[in-house]
């Protein structure tokens with residue numbers, strides 16, 4: 001560290017990268033800090049004084065925890081359905097040659113290559129024209145639709161990198177098709193399926209644009225937050241935001257620890 | 001019926017089962033595809049058809065809408081809202097460029113320099129996905145608040161003079177200006193840039209860097225001639241994953257902007273949900289889709305990585 005200028009130039013990438021990371025983490029820090037705020041007035045945008053009230057009573061706001069549990073239900077159901085349908089599509093695309101394969105590939109890709117608002121608006125056009133009541137079911141239908149492509153992409157990537165000889169070996173050892181699938185194929189594809197499921201849970205839970213168009217009077221958690229930006233933001237929103245961040249970090253870290261242990265247990 | 005007449009082992013009777021089995025085998029991919037593809041056809045393709053039909057309807061909410069093949073709606077919608085279209089493309093384009101500029105060093109850092117910190121950094125990039133993005137976007141209201149520390153620093157270093165000269169801010173305010181909207185868009189879509197960049201950088205064999213160094217290339221040259229070209233797939237998919245959603249976003253413009261920063265997403269949203277002028281809303285949404293698809297196609301052609309997906 002003789003010349004500070006040389007040191008700066010050598011570590012430019014590290015400094016710039018950490019700067020970006022700070023930019024990305026800053027709002028989470030603000031959300032966490034403001035969850036301990038005791039704001040005056042309806043909005044929680046300026047710091048007043050330290051308080052634990054919101055953490056003691058996270059569900060103390062009318063309708064907030066109801067919207068949270070609704071979002072969780074929708075996210076769970078759409079993850080379940082989208083993962084099942086998407087995994088089947090991914091296997092068909094990777095493992096079989098059939099007519100219309102190109103068309104299917106483009107159909108899967110299109111929802112990801114389109115601004116979300118276009119899909120949101122067109123679904124609304126369908127529901128309006130068919131006179132379908134907007135609510136829980138229309139939200140669920142929409143979420144399954146846009147999560148599907150992401151599951152296919154995640155599972156496809158994993159199945160593509162899988163060695164087909166492992167399944168051949170299983171068949172050579174007289175495993176039936178079901179046994180081969182359950183004992184060999186599924187465990188190898190599992191990380192891809194898990195990644196797809198996790199992604200679709202996060203996407204569904206956090207979706208605002210498509211839900212905004214197709215929810216009618218039903219209020220999911222993002223809809224609640226959106227409404228609160230107009231009516232007044234309770235501190236409890238920050239509590240939930242902080243808790244979600246902490247839980248996400250813990251889940252990801254736990255997942256990685258399990259992955260590392262597996263890797264150590266069976267060296268390749 | 002002569003079922004008992006033919007013994008099971010007779011050569012004549014083994015033929016049909018084999019045929020049946022192979023037919024069943026050939027049908028497997030179609031059975032696997034059926035539910036998912038049906039879902040997409042009914043809830044993705046069919047809605048587009050309905051929206052297309054809505055866009056050529058005329059009428060009012062009270063009297064009902066009728067398909068009259070009135071294509072004039074497209075022209076009227078475009079001429080009335082082209083400033084919002086231009087603004088959306090400008091904001092989304094700026095945010096994408098900023099994402100690339102900010103995201104590249106971080107992706108590079110994680111891929112090549114992080115060592116044992118790599119997993120932690122990746123978690124910190126992914127974790128925001130799980131916190132509601134609306135809550136995080138609202139946090140920017142606090143960060144960029146009038147007279148707050150961030151605005152004061154930007155003012156003192158003369159940054160706001162530059163941005164107001166560019167028309168991005170007004171006076172010593174940041175909130176409710178284009179800068180705030182672009183800042184929010186950049187923040188929202190950064191992970192979508194960083195992850196593809198990281199995965200393409202991670203695949204690069206670092207021995208190529210050593211080889212370039214052995215051939216007396218300076219670090220900047222190594223980056224320009226080896227690293228960056230090899231990371232092109234990540235650059236292309238990252239910019240697409242950032243630009244496409246950003247061009248249709250209306251959350252940032254609504255929460256951080258003002259009426260002067262309305263993007264086309266805000267217009268479509270209010271036409272559909274508040275003004276209830278469905279034909280105009282449908283036409284606007286199709287124009288947005290066409291613009292984005294055309295731009296993306298040209299971009300992919302020029303970037304030369306068509307085998308991305």
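In case you wondered, yes, glycine gets a Cβ from its N, Cα and C as well.
Automatic prediction, not curation, is the source of TrEMBL annotations.
The transmembrane segment annotation in TrEMBL covers A:12-36 (among others).
Positions annotated as domain 'ABC transmembrane type-1' by TrEMBL: A:68-258.
Taken from TrEMBL, the feature transmembrane segment covers A:74-94 (among others).
Taken from TrEMBL, the feature transmembrane segment applies to A:106-128 (among others). Under 8 Å from some Cβ of the transmembrane segment (A:106-128) lie the Cβ atoms of residues 89, 93, 134, 138, 141-142, 145-146, 148-150, 152-153, 209-210, 212-214, all in the same chain and six or more residues away from its ends.
Among the features that TrEMBL reports, transmembrane segment is placed at A:134-155 (among others). Sequence-distant contacts of the transmembrane segment (A:134-155) (same chain, at least 6 residues past either end, Cβ-Cβ under 8 Å): 70, 74-75, 77-79, 81-83, 85-87, 89-91, 93, 108-112, 116, 119-120, 123, 127, 189, 192-193, 195-197, 199-200, 203-204, 207, 210-211, 214-218, 220.
If you look up TrEMBL, you'll see A:181-205 (among others) marked as transmembrane segment.
Residues 28, 31-32, 34-35, 37-39, 44, 51, 53-55, 57-61, 64, 68, 221, 224-225, 228 of the same chain lie 6+ residues outside the transmembrane segment (A:235-258) yet bring a C-beta within less than 8 angstroms of a C-beta in it. The feature transmembrane segment is assigned by TrEMBL to A:235-258 (among others).
Residues 101, 104-105, 108, 136, 139-140, 143-144, 147-152, 155-156, 159-160, 189, 192-193, 196-197, 200-201, 204-205, 220 of the same chain sit 6 or more residues outside the transmembrane segment (A:74-94) yet have a Cβ under 8 Å from a Cβ within it.
Packing against the transmembrane segment (A:181-205) from elsewhere in the chain are residues 71-72, 74-76, 78-79, 82-83, 86-87, 90-91, 143, 146-147, 150-159, 162, 166-167, 170, 175, 221, 259: each is 6 or more residues past its ends and has a CB under 8 Å from a CB in it.
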